[in-house]
Amino acid sequence: GGGAAGTSGTLALLLGEGSKRLPQAIIIGVKKGGTRALLEFLRVHPDVRAVGAEPHFFDRNYERGLAWYRDLMPRTLEGQITMEKTPSYFVTKEAPARISSMSKGTKLIVVVRDPVTRAISDYTQTLSKKPDIPTFESLTFKNRTTGLIDTSWSAIQIGIYAKHLENWLLYFPIGQILFVSGERMISDPAGELGRVQDFLGLKRIITDKHFYFNKTKGFPCLKKAEGSSKPHCLGKTKGRTHPDIDQEVVQRLRDFYRPFNMKFYQMTGQDFGWD
């Protein structure tokens, strides 16, 4: 908005100034990779403004149009970055073309995690909502005897990262996509956040001073959350205990994913250490 010239930043925000902009950066994936943690950590940065809920614009709400999408965004001041996260974009066929047509310069962030633990985490989430579903083992195989893995099951499909990435590279140069390690976000949150801040062109404000490790949760929490003086851990739906999966099935999945992981390491130039 307009307003008195020279209104200070904080006051400008209090007066409801700033304007809604289309996001310059989007966390596009992956489901159960650590996207919520990354978003909550990033929101500590004074120059990051993000939508809390997942807009699902480029997959489910595209017909509503860019004006609708932009209206969901928080107001920002000059120099602030607008962000959103919707982890299903990464596996959505149409998403790369749609985001590219909004802006070819959009910065994309993908939080990836060992595809086997990611699949088990995905299953665990579904199980918490529908306790009657079949076992993980029975959903993994088309045919348990032949050991043929059912790649049409979304829990397995999502982890074939190399395959999904190829689709994005038709529209975006690899340098415009940052791959964040879900594992490193737990073992070294400040280090991973440093890489993200650099990628977004932000001052490195989020450092190890911001985190403490919560032993009960099994992952790092913020000493102070955005807009609060209280410590903040992710909600109770995060860090669920995974059911025990038959080790033979886990091994079979490790073997299945290995070539795709190797291809993904080659494509990104990063070894995520999943094998």
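A Cβ is built for glycine as well, from the same backbone N, Cα and C atoms used for every other residue.
What you see is a predicted model, and the numbers here were worked out from it, not measured in a lab.
Among the features that TrEMBL reports, active site, for sulfotransferase activity is placed at Lys32. Positions annotated as 3'-phosphoadenylyl sulfate binding site by TrEMBL: Lys32, Gly33, Gly34, Thr35, Arg36, Arg113, Ser121, Lys238, Gly239, Arg240, Thr241, His242. Per TrEMBL, disulfide bond is recorded for Cys221-Cys233. Residues or ranges marked as domain 'Sulfotransferase' in TrEMBL: 23-258.
Computed over the domain 'Sulfotransferase' (23-258), the whole-number mean pLDDT of the model equals 96.
Most other Cβ atoms within 10 A: among the binding-site residues Gly34, Gly239, that distinction falls to Gly34.
Rounded to a whole number, the distance between the Cα atoms of Cys221 (disulfide bond) and Thr241 (3'-phosphoadenylyl sulfate binding site) is 18 Å. Between the binding-site residues Ser121, Thr241, Ser121 has the most other Cβ atoms inside 10 Å of its own Cβ, all protein chains included. The distance from the Cα of Arg36 (3'-phosphoadenylyl sulfate binding site) to the Cα of Cys233 (disulfide bond) comes to 11 Å. Residue pair Gly34 (3'-phosphoadenylyl sulfate binding site) / Cys233 (disulfide bond) shows a Cα separation of 13 Å.
For the recorded positions Lys32, Arg36, the largest tally of other C-beta atoms within 10 A is found at Lys32.
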